[in-house]
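Q: Take this structure, written in structure tokens, and hold onto it; I'll ask about it next.
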Amino acid sequence: MPVEEFERELNERREQGLYVTIRKIGSPQGAWIIVDGKKVLNLSSNNYLGFANHPRLKEAAKKGIDDYGAGPAAVRTIAGDQLPQEKLEEMLAEFKGAEAAVLYQSGFCANLGTIPALVGEGDAIFSDELNHASIIDGCRLSRAKIIRYPHLNVQTLEELLKQERQNYKKAMIITDGVFSMDGDIAPMDKLADLADKYQCILYVDDAHGEGVLGDSGRGIVDYFGLQGRVDVEIGTLSKAFGVVGGFAAGSKLLAELLKQKARPLLFSSAPTAADVYASMEAVRILQESDELVKKLWENANYFKEHMRKAGFDLGNSQTPITPVMIGDEITTQEFSKKLFERNVFAQAISYPTVPKGKARMRVMISATHSRDDLDFAVEQFTAVGKELGVIQS
């Protein structure tokens, strides 16, 4: 493709309000950060519990480097496991109430590796239409038949299962647990009933449930009390855990199979000891206390209450993920720009991350935010919302 084609496509994205600008971060993650040289209130991070700059995690990461060096330097199946990797897998399995867990380099890799290891040609995947990009890509790589059902629509899903299930050897029902752009929650109890009834693998990506839902942030399976009924629970270490990495939790046989077949595990180096040690410390903190999880929910509920009073449409959010619905892509980009001028860092989310005409500001609340921070955020959102005609003056 000629360079002129690259330029044409980039110009089209700018004209349509779809061009993404990556800001420069000059500080650790926290309630306030330095962005492009400016101190701003951070409403863009997945750092739900403040672990990304937690002193205990930083000390643990340093110890990991001291004990095992900067990196593993090889694939686990070739050069072997460093002992902390196995220890973290055991801790994650216990935390999730599963028999075993398998560690990946990221949550994205976890889906890319796990889905094709479980289903393939001649099988079917029943997938929520708003599932994360990593699920979509993992499904495509599997070469299984992908059958999409309307978002959260269990009735239509069952109709599709009645029509299609008998045509395939294996079938999987796959869903996000918490949907990252809307903050709503999958009806896992009903999906578990359908998986039992139609003999399907039940697979959930709990990236935004860990550290948020369930007892001490154990996630969506714990939240619904479905231990033993969900076959695969995908997790990430890059959101509430504040580090980087991913994992799949489930039965011992699942873990054994993934270590034989999951390509990101077989063909890419393992996570670093620094990441592993920090992740273990995050699990320990959550096992010790649910104080940070409670603070997260207090902050989220306070912010939503005052944003709704100001007249904003927050969609159907059931979690700290707070979409501020705007619709028009260009207006949404302008909204983000004006907030930044007012020292608030909240990113515009538009196509292809969400459907065209569904652009929104996505606000991520953290346990590290103070009440003053939240009041400041509502004040600035209200001022910009009135200026741009998103809410009434």
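Every residue gets a Cβ built from N, Cα and C, even glycine.
These came from Swiss-Prot, pasted as-is:
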- Gly107, Phe108, Ser180, Asp205, Asp206, Ala207, His208, Thr236, Leu237, Ser238, Lys239: pyridoxal 5'-phosphate binding site (BINDING)
- His132, Thr353: substrate binding site (BINDING)
- Lys239: N6-(pyridoxal phosphate)lysine (MOD_RES)
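I'm curious about the neighbourhood of these features; can you describe it?
A: The secondary structure of Gly107 (pyridoxal 5'-phosphate binding site), as reduced to three states from DSSP, is helical.
Thr353 (substrate binding site) is surrounded by 17 other CB atoms, counting those within 10 A of its CB over all protein chains shown. According to DSSP, Thr353 (substrate binding site) sits in a coil region rather than a helix or strand.
Around Lys239 (pyridoxal 5'-phosphate binding site), a 10 Å sphere centred on its CB holds 26 further CB atoms from the protein chains shown. In the three-state DSSP assignment, the secondary structure recorded for Lys239 (pyridoxal 5'-phosphate binding site) is coil.
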Q: Quick one: pull the CA-CA distance for Lys239 (pyridoxal 5'-phosphate binding site) versus Thr353 (substrate binding site), whole Å only.
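A: On Cα coordinates alone, these residues lie 18 Å apart.
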Q: If you measure from the C-alpha of His132 (substrate binding site), which of the binding-site residues Ser180, Asp206, Leu237 fall inside 10 Å?
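A: Qualifying among Ser180, Asp206, Leu237: Ser180.
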Q: Please report the DSSP secondary structure of Ser180 (pyridoxal 5'-phosphate binding site), reduced to three states.
A: coil
